[in-house]
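> Per Swiss-Prot, the features are:
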type	residues	note
ACT_SITE	839	active site, GMP-histidine intermediate
BINDING	95, 534, 639	Mn(2+) 1 binding site
BINDING	534, 670, 764	Mn(2+) 2 binding site
BINDING	638-642, 764-765, 813-816, 820, 839-842, 915	GMP binding site
DOMAIN	248-409	domain 'DOD-type homing endonuclease'
């Protein structure tokens, strides 16, 4: 999209309401150089999209450090009426990590779609997920599909497992391992990843009607009325439930009975309780109720005697649904005494529909996969009929054999002895055919058969690859199936596979894709592999560069030791996820109450380090589980601890109030709510995606999901966001405590004697309810600041009393090795930008692009030559955060200063950096 721009002055630009959906114009703060970068991505388009949201006031604003984000631009500000407006997680902070096009996403019906096909079809699809908490596979509807451009020169990561599975995506796409999620780019040869061995078949679209209303013209009108109400008639090939119907029918051909019971046509299923409970879920998806009964076993409809034991039956009392299945080919009466064939519509169906029918049939009457050592035994489908129907039985099993042959599965058919009637057995024989069956068809409903079949699929795929590569049979030390299942198998049929190759490859495509799911597991299965808030604080000292320079290496190394950092880093405090509710409610106060800081610290934090109204119950268990071990840790990427020297004072009067002087050593901390905050955003994106149609909110961009602020979903998200913000303040408070301890360790003085007070702490990914003036009237708004900082002017009651006469301190971190700034809030910001200004330098290169252009060891040496000592968890992070990967922060602060939306107070240059 080409976004028109109108120049207002040297550093202000307007995006006119060029699209009739825009409710307000856009306002961009940038010089010519900064604007060119915004034009190179979707920053301006995203700003225009934000201007379309209900309840927005004045402008959709982009700060000079703005760049493309998720939904909202990073560096974006928007204020919405608290009664008529919306709230959006994308406007507060969220990122996407992506897969290559062509990645096969497995759906609930056992077929796969390429990830890039999902935007058109996702409303109808349920995808397979791995329920981490319960340890089994599950199904979830898709919440959203995201895409982003492959950046110029960006490399993808291609990972190959020992069985030959390949996944390709961006370096930061998370993949599940036995130890948790790991970025694709961080995987190494020999690592284990979690795979779902089922491969399924490709989706095939089919149009037309399978069963129309004429089929019921001779039935009671109530039957047709019921089936219409359930959306089952007319039944079309493109009905998203057709796979469900096919597998129910398949199971019914095995362990189902359609017949009169008490003078009423009834449908009954027999089997193990856990099997019938799974079947019951599918019936309920169709809107059909069924009841489980425990009864004394009698001879079943298939003719097998079970003796006098208890059996379970699942009974559907809906006559309409029983007739529905009959019209689809289900025989009425005792199947051993009825002639029937596989229904014609199944024989004509796309392969994925046939797969569902067969998976249901084999769940009922097929044998479980068994092994002798490392060799699979035949999988058998055995059925019986009365003697006079022997030919029909052979024909029926012949139909099944033809279906299997379409998958490349070979079978043999033979008669077996039986005391009553005639019995035939259809056997899947040969290792290749057995592997194909468990990989592409498998079993539905019966958990025991299904799980064993999945692990068998992984085992046989690995065995096949080893045989092909070695050109000989597997050796004696190759594990038996039982050994493999015990060592590599997980509940739900998931398996751990070893990574054998990790490559950086040049993408032969232009876009990456990702999907979000509603399920709390927040993952999906691609190519068989399970895949998946912030702020700044400034601490002053009474030390000068002359005091610190001789000990800078020791100081930074001590900070690196005492403050946990890096991808997935965990804090020094061990809290179980059930124990962090107090942290989510009390924020920095919790930390101070528990000995991490001083009471006076709370007076120098935005919101006092605690937002009122945080509700820990609005935060998911998964978010708490991610956050608990990370409390008190820095993280990675652009998060840092930096020892800085104040090298220039622009406003001596304000600097004096802030406690800053030239030559002074200060410490800047940049980190946030870690995995907890990201999970909160993920959770509510999915919730809001579900709700957005209910509220009929315009949806100009699939990433720009929002709900009315006053809605139940909006208020619940706001409460969860507050909890995440409180977690972030507690996190920075604990880090502050360890920074003070580190200075004490190096300089042998108490932190109090070193004057280690907090200057201020600001959030820059947050939503706030504030009062602002619009068109001469005071209005309450929910201000979204995504990569933007609050900048309130002198006299504002939200500013700490010690700073109220001069305005709120605004902390602007630069990139690694460049200057950072302290600014002060202004009246200009209140009038133009809802009391907001920029938040940092803003990236010009993605992390991936930076690692291609820079080498971490060289950057570190260059910085050392300039007197800046860097200690990092990896050289890759140093390359990602190279100064050249960011905009010139001097230009950014110059723009906001010239615009009058912040006032320059002081500049700091780094002398030591600790990074994750």
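Placed from the backbone N, Cα and C atoms, the Cβ positions cover glycine too.
Tell me about the setting of these features in this model.
Taken residue by residue with DSSP, residue 839 (active site, GMP-histidine intermediate) is part of neither helix nor strand, so it is coil.
Neighbours of residue 670 (Mn(2+) 2 binding site), defined as other CB atoms within 10 A of its CB across all chains, total 23.
When secondary structure is read from DSSP and collapsed to three states, residue 641 (GMP binding site) falls in the strand class.
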> Please report the DSSP secondary structure of residue 764 (Mn(2+) 2 binding site), reduced to three states.
coil
> Inside 10 Å of the Cβ of residue 764 (Mn(2+) 2 binding site), count up the other Cβ atoms and send me the figure.
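Within a 10 Å radius of the Cβ of residue 764 (Mn(2+) 2 binding site) lie 29 other Cβ atoms.
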> Which of these recorded positions is closest to residue 641 (GMP binding site) if you go by CA atoms: 670, 764, 839?
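Nearest listed residue in space: 670.
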> Tell me the Cα distance separating residue 839 (active site, GMP-histidine intermediate) from residue 764 (Mn(2+) 2 binding site), rounded to the nearest angstrom.
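Between the alpha carbons of residue 764 (Mn(2+) 2 binding site) and residue 839 (active site, GMP-histidine intermediate) there are 6 Å.
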> What is the interatomic distance between the Cα atoms of residue 670 (Mn(2+) 2 binding site) and residue 839 (active site, GMP-histidine intermediate), given in whole Å?
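About 11 Å separates the two Cα atoms.
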> Between residue 839 (active site, GMP-histidine intermediate) and residue 815 (GMP binding site), find the distance joining the two CA atoms and give it rounded to the nearest Å.
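One finds 12 Å between the Cα atoms of these residues.
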> Looking at the binding-site residues 765, 815, which one has the fewest other Cβ atoms within 10 Å of its own Cβ?
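The binding-site residues 765, 815 were compared, and 815 has the fewest Cβ atoms within 10 Å.
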> As a test of reading the model: what is the averaged pLDDT for the domain 'DOD-type homing endonuclease' (248-409)?
91
